[in-house]
Amino acid sequence: MQFNIPTLLTLFRVILIPFLVVVFYLPFAWAPMVSALIFCIAAITDWFDGFLARRWNQSTRFGAFLDPVADKVLVAIAMVLVTEHYHSWWVTLPAATMIAREIIISALREWMAELGKRSSVAVSWIGKVKTTAQMVALAWLLWRPNIWVEYAGIALFFVAAVLTLWSMLQYLSAARGDLLDQ
């Protein structure tokens, strides 16, 4: 297996995940800011690795597999951390909705790939907007420097949950014929 810069960036994102968890639980005043910084660095690599892979024509099968896995693991763990911190339905409900959607759509994409129709459930613009809203909301909720950033983070978290449901309905609609076909 050949490693290139986009794949190394994806691996770097995976390596950052345990550091995010450890720093999140440190009993220091700077821990929320540093955990948010780690998350932001990881989130930026999510955009940057794909950009470089396309720009430099360095897409690999391993990278195509690892990138969405790293993204989903990073986001799911950040959601679990934020949910654990707030201990409230208004954070848990959107987090559970978004995690469930990721599982459903991952299964749908795998199934559609088996049918040779993976492109019918390719990432859409609404999925990209959803991911951006998730990343920004999670960064704010990890950082939480003041009540206004927390409120904005929670509001954006709900926006991300709505976009999550919207994009899921789009993907399911695109696959409807195959899902209902005998």
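Cβ atoms here come from the backbone N, Cα and C positions, even for glycine.
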Subject >> A133 / L179 share membrane side in Swiss-Prot >> reply: no
Original post:
Same chain, outside the topological domain 'Periplasmic' (108-145) by at least 6, Cβ under 8 Å from its Cβ: which residues?
Top reply: 24, 32-33, 35-36, 39-40, 43, 46, 71, 75, 78-79, 81-82, 85-86, 91, 98, 152-154, 156-157, 159-160, 163-164, 166-167, 170-172, 174-175, 178
